[in-house]
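Database features, via TrEMBL:
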type: TRANSMEM; residues: 12-36; note: transmembrane segment
type: TRANSMEM; residues: 110-129; note: transmembrane segment
type: TRANSMEM; residues: 159-177; note: transmembrane segment
type: TRANSMEM; residues: 183-213; note: transmembrane segment
type: TRANSMEM; residues: 234-254; note: transmembrane segment
type: TRANSMEM; residues: 294-314; note: transmembrane segment
type: TRANSMEM; residues: 326-348; note: transmembrane segment
type: TRANSMEM; residues: 354-371; note: transmembrane segment
type: TRANSMEM; residues: 383-400; note: transmembrane segment
type: TRANSMEM; residues: 412-430; note: transmembrane segment
type: TRANSMEM; residues: 442-464; note: transmembrane segment
type: TRANSMEM; residues: 832-852; note: transmembrane segment
type: REGION; residues: 868-916; note: region 'Disordered'
type: COMPBIAS; residues: 889-898; note: compositional bias 'Low complexity'
type: COMPBIAS; residues: 900-916; note: compositional bias 'Basic and acidic residues'
Amino acid sequence: MKISRFFQRNKLILAAFFLPVLLTVAAMAVTGIYPFGESQIAVIDMYHQYVPFLSELQYKLQNGGSLFYTWDGAGGCNFWNLLAYYGASPLNLILALFPEKFIMEAVTVILLIKIGLAGSFMAMYLRYISRRWDWAAVAFSTMYALCSYVLAYYWCVMWMDAVALLPLCILGLNRLMDDGKPALYTVSLALIVFTNYYMAIMVCIFILVYYPVLYFTKNRWHGIRHCAVTTGKAVGFSFLAIGMAAVMLLPTYISMQSTYYISAEMPESLSFYNDAIDVINQLLPYSELTYREGLPDLYCGMMVVILLVFYLTGKTFSLREKLINSIFLMVMFLSLNVNMLDFIWHGFHFPNQLPYRYTFVICFVLVAIAYRTFRRLEDIDTRTIWMVFAAGLMYYMFAQKVLTGHIDDMDLFFYGGIAWLALYCAVLLLRKRKLVTRGSFVMLIVVIVAAEMISSVCTAFDTVGNTQRTSYFENYDDVTALAESREDEMARMEISYNYILNCPALYHYKGLSQFSSSINADTTELMEKIGLEGEPGKNRFNYNQTNPVTNAMLNVKYLISKNRPVDDPDFVKVDSQGNSTLYESIYPLSIGYMTGTEIRTWDTSSDNPFVVLDNYVKAATSNRYDQVFRMEENPDVLANNATVSIDGDGQMTADIEDTSEDAEVVLEYRADESQKYYVFVEADNADEITVYDEKEAYEKIGIMNDCGSIVNIGTVEAGETFDISIKYENGEAGDITCYVAALDYDTWNDAYAILSERTLEVTDSGDSFIEGTVDAGDGGMLVTSVPYDMGWTLKVDGQEQEIQELTGGVFISVTLDEGVHEIELSFRPPGLVAGLIITAVSVLLLILLIRLGSRRYRLPGRSTAGRGVSLSVDEECPDGRGRQEEEISQPSSMPGSESGEEKGYAGEGSDYNRRT
């Protein structure tokens, strides 16, 4: 009975959850998303970042690993910091219920739940701002849950928590302002901050900008004291919410000081982005869907646009209210077009692609305004509907002429948009002429909205694209089995050819490659210097099969190949599973090794990675060996449709002669003797870089041509030539950096013998600690390949030592006296304890304030008469309206206060002074 009553009371909230979910699932079926086909929703950064990181979280949840640190990527990194951006949503606990190979399906389920919650929470908000409660709220909440922001950025699954929680947060803010009840606002805002600090910045800015709209549309002026008390409560509980999330926020803030993100600076000059007509056009169906670069995503249904016109042009709502909301919308319009405002909205940072990440707040406000207008349709006459339809037709004919080239599919935009416009206007006219009952009218709106939304979702899936599930998890069982079979637990492993930028996280092995927004900028810069594919501004570095010097320095002992063998005498085969093979380096080093103190003089300033590696060997061997790489210079340069100028020291500049045609630059080298060659190539605007021997192409350089890396191209026989081909297809060339070198194995073998003489013997290790012993001989420097991060603690023979020595400015090192020493390294996120204390105090304070009772926090002079609708519905009335339970109290006697009939609706304007 209780269950039945629960569903009866909350059936519309449940419908608001399931309708957008079912529409999305139906669109997945149409577009062949697994299990309806072999495609998957993982695209762009979800493919390379989010799924691998969530896979690592799933692995830790299922196997009991530490959430503080991980060795599976970046050579080791702060996992708590990764969680704060990618994985802090409580819904991610669902990952533990799925097998590893079904991580993609787990993420899809979590995404669907977030879309459903966005619908439910929006329905709850719409219920609060209107006295009527029927299926119309389900239709409008679906328009929010499936707005173009969600359709464009659904693959940024960690952003969807903020999208879902925003209506609940603003509902809580309304309740705080109306009734002095802080719980919902504080907890929901704390959840937003906890789940994703980055999106929380935008939500907090939105609250700051939107609060005056709420206040001045809710209240007539009651004096400075009333305004100060109300605003003080909002500010105080906002800070309390931030305090409740401090356990995640404070450690993240401290760790983010070492990332590239933190170095952004406010632009010095003002600039503007888009034409007004282009931005306005984004409100319409089938307009440009921006999922990488482009215009802001503002579409949330044709009905919203129609009702927005009714709202602004009609006389139903007061001029004061419309003026306030219009000012707010103008501020948001400027934010979309002014670089400085856009910079602020993105957390004082310009994003690398994926622009206008805050437009979901605009969609939220537009849907709320539209819903309130829908509730007052009786004030809209037939003539106005015809005028809106005619104006819409004229706009579409204008857009067809003017915006050609700005719309991906003009035919779909033109004919599809007119069809939805005509359909909605027709239904509105039917209702105005009383040809359908109100209940039938509302259900017609629900059906049309559902049809429009599923059409938009299908179009979005086609536009954004998808990937193949089978290729993503190809050889997954084989690779994970080989990763678990390694004998040296602390040795690093990599895949010879990476098609995913976070393979270590996806396959759960101790590796180097990582692509993340929280990656350490200093570590990335050093990896770039030594020839890994990396650049701090791109937030990544990636391992390609490279040279033995780099492998030894970084403790890359194992290499896994998939579907093709590793033709490299520096690695020997040790195991295989299916089509995957495990290789072991013949030049292994431990996670730590002894060098002379001269390692402090390692010069990493050169732009030539081979010179930087030579300098490393020289410093690490106390100047005994100063050159292990022999450079090959002065290639023959051939160019097709390009002019190449040689600047010296591997630097060249290419200019395209005919920009309408493809171009190619070929650098030809000849081998003086049979030896293995390594190539580093970086070419601006190149479409493809390939190495050819005298017979065929056998190696493409790197994954991103604008981000060079040292690549092993194998042995070239004496007298043979090999070519480096750089192709351009976009009509633009630029700078070329090319270094070719051969390794002097005699010199390297002698240097390696010195480096491997005294290494750290690991006796115990875990996700966040290493223990071991090392024989320091006569004393020197213990150099580890552990990247420094705030939070590491180093003990030598049980005594804690301050970490001061950083080899290359990155690797944790320590000076040791002669003899054998016990080494302990342990990690705890910096600020974790302080953050935990702040969180605990904030939670206790909120509980205390709630228990003190709402009377102490009721606004002075504020009437609560008719203050809204309770969050329950007992039954549906025949006309489609639900029976509300109203809370009634006596009007305040304070002069100038509003009566219950004039009390604000808890939203964008007063709705209670005109009963319907």
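Placement of Cβ uses the backbone N, Cα and C atoms for every residue, glycine included.
No curator has checked TrEMBL annotations; they are predicted automatically.
Within its own chain, the transmembrane segment (442-464) has Cβ neighbours under 8 Å at 19-20, 23-24, 26-28, 30-31, 33, 41, 43, 134-136, 138-140, 142-143, 146, 148, 151-152, 154-155, 285-286, 289, 291, 299, 301-303, 408, 412, 416, 420, 423-424, 427, 430, 436, 880, counting only residues six or more beyond its boundaries. Counting only same-chain residues 6+ beyond the ends of the transmembrane segment (832-852), those with a CB under 8 A from a CB of the stretch are 68, 80, 182-183, 186-187, 240-241, 243-251. Among 159-177, 294-314, 383-400, 159-177 has the largest number of CB pairs under 8 A with the transmembrane segment (110-129). Using a Cβ-Cβ cut-off under 8 Å and counting only residues 6 or more beyond its ends in the same chain, the transmembrane segment (294-314) has close neighbours at 139, 143-144, 147-149, 151-153, 274, 278-279, 281-285, 287-288, 322, 326, 336, 355-356, 359, 362-363, 366-367, 369-374, 379-380, 384, 388, 391-392, 417, 420-421, 424-425, 428, 445, 448-449, 452-453, 456.
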